[in-house]
Amino acid sequence: MSEAPRPSPVTLAAYGAVAIILAVELVVFWRALNPSAEGDYRAYYIDKTTTCLAQPMTGAYELGRRVSFRSDGAALTRELKPCGWEGPVGDGTHSVGETSRLRFAVGTADAPLELALEMVAVDMPGPPRQRVRVSANGIFVGEAGLTPGEPRRATFPIPVEALGGTGILDIALDFPEAISPGPGVSNTRKRAIKLLSAQLSAVDP
Amino acid sequence: MAVPTDEIVQDRAVVAPLSWAFVALVPLTFLLVGLVLRFLAFRAALPEAPVTNFAQALCRWDCHWYVRIAEEGYDPFPVPGRIVAGNWAFFPLYPGLVGLVRQLLPFPTMVTATLVSLACAYAAAVAAWPLLAGNRRAYVLYAAFLLAGPFSVYFTTFMTEVMFTLLTIGVFLALRQSNHLVAGALAALLSATRIVGVFIVFAIVLAMFLDHRRQGGTLAGFVPALLRRPVWLLAIVISPLGAFAYIAFLDGLVGDGLAFQHVQRAWGRELGNPLGYLAQALTTSARSGFFPSIVQQQGFAALAGLGMTGVLAWRRRLPEALFSLVCILVPLSAGMASMPRFVAGLAPVCLMAMTLLAARWWLFALALLVLLVGGYFGAFGWITEYVALV
């Protein structure tokens, strides 16, 4: 009875290399399927629970000043838009996605404020009316209904408890009826409103 | 049933020294012609721009991402530019290579990238010679296509198509010579060049299966035969190594090895039925006039690629057909964007197209004329950001 030939050292080395490379690839693959990223990254890119990935804007703003979100206000509004906006262009700053955010640095403000937003609904095939649900630092402060071609100035009271003492006021605008521009397009590209101007003022006693 | 083998003409050029001159000089000629055509397009599109802006002016769309990767590397999270899209979608091999060469040469990044791209495009043309089975007319057309044709901007500026093409040709050349380990090593580089490069592993396994059949093996006996060949196994496992290395890098950088895929959300891309996307594109006409809409043009590019893939399959060049099919369908499942670029960068498809166009003298002459005229207009459209070319 003849014995099977012993594998050469080169053959053994090749099998060994295959085993090592395969093991490394399996580990990398497992880690790829179980990413360690958390927070905003995970919510936006992986879990897709938000369409608005907030950027670290300063919110630099002079309390009481009305700022234009058309092209003429680009410099003043740049630091006010953490996410969910495109523009500004001539007819305003366009919302993209299902939520857009505004940020205002309010300093040591410790009294109620009022937020005034001038907005208009986009004119696209879809729901005839856009609802805008507004919250301030996570506290719901009101809702506005908008129709295309009819700009509207809506005001929202900002209670003291929403200010939270951080000096930053984060405003979230949710658009439940945001319109998809077409099939096969992610919800990060949905359209709802055009923001024309914003003003955050102290409330007269 | 015997499986036909592909013709290899690797010795023909060695036998005839004049052939070497032909193989070397044809792409060199088109390299120079292409530079002239693109320069004329640059002058026509940007008459006020200084001549020294030539290389920079040809940097459009994704090119800017590659320049930034070559100069600064990959984005952490949050992205420093305060934008949603990090540069993780762009695979590292080619911008990394340009970044390295940039350390050695005293030129701006785009000048360095242009030089590297021209060298790679020239090498790709020369490397394609053995795959064209001695077909000189097809070789002339392919060299013109790469270096002076309508899509030469993809291969001569700073896009990954040139490296993708060079490595794809290298893999199929190695497979023709049954050198699976070299094919696997080149495939590893290919998988670090573009995400679809990782799918070359299927072509390698199919080529191994065809080799196995040529040697009288059976379908059932393929896996046992594979396990008895450690070099074949090694070729298979190293093929996706470049992609795995990038995944491991991204895992360390942002905690998400698949960041290159997840970041597509920032561009609003959703995976869908590729044939549905194709049908929708082909039926979306322009609002006025008879000229096809942008998405129709992109759809025609996909159709042309699929057509050539069918010809490859019909000619029993199954590994190339399989790779081409995957390389068209995978990006097509995310929409029509960049389809002309993806098809132009698919070497087996373009080599087959050039072979067909070289079938008759008159067709060859006409195709060469169209390629060169298209070289000017393609560059003009690229510089003026004609969207179908993106």
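Using the three backbone atoms N, Cα and C, a Cβ is placed for every residue, glycine included.
Bear in mind that TrEMBL entries carry predicted annotations, made automatically and left uncurated.
TrEMBL lists transmembrane segment for one of the ranges B:55-73, B:321-339, namely B:321-339. A contact links the transmembrane segment (B:111-132) to the transmembrane segment (B:20-40), because at least 3 Cβ pairs that are 6 or more residues apart lie under 8 A.
Counting Cβ pairs under 8 Å to the transmembrane segment (B:321-339), the stretch among B:20-40, B:88-105, B:144-175, B:181-210 with the most such contacts is B:181-210.
Take the transmembrane segment (B:359-383) and the stretches B:20-40, B:88-105, B:144-175, B:181-210: counting Cβ pairs under 8 Å, B:144-175 has the most.
The transmembrane segment (B:181-210) makes contact with the transmembrane segment (B:88-105): 3 or more of their CB pairs lie within 8 A, with pairs spaced 6 or more apart in sequence.
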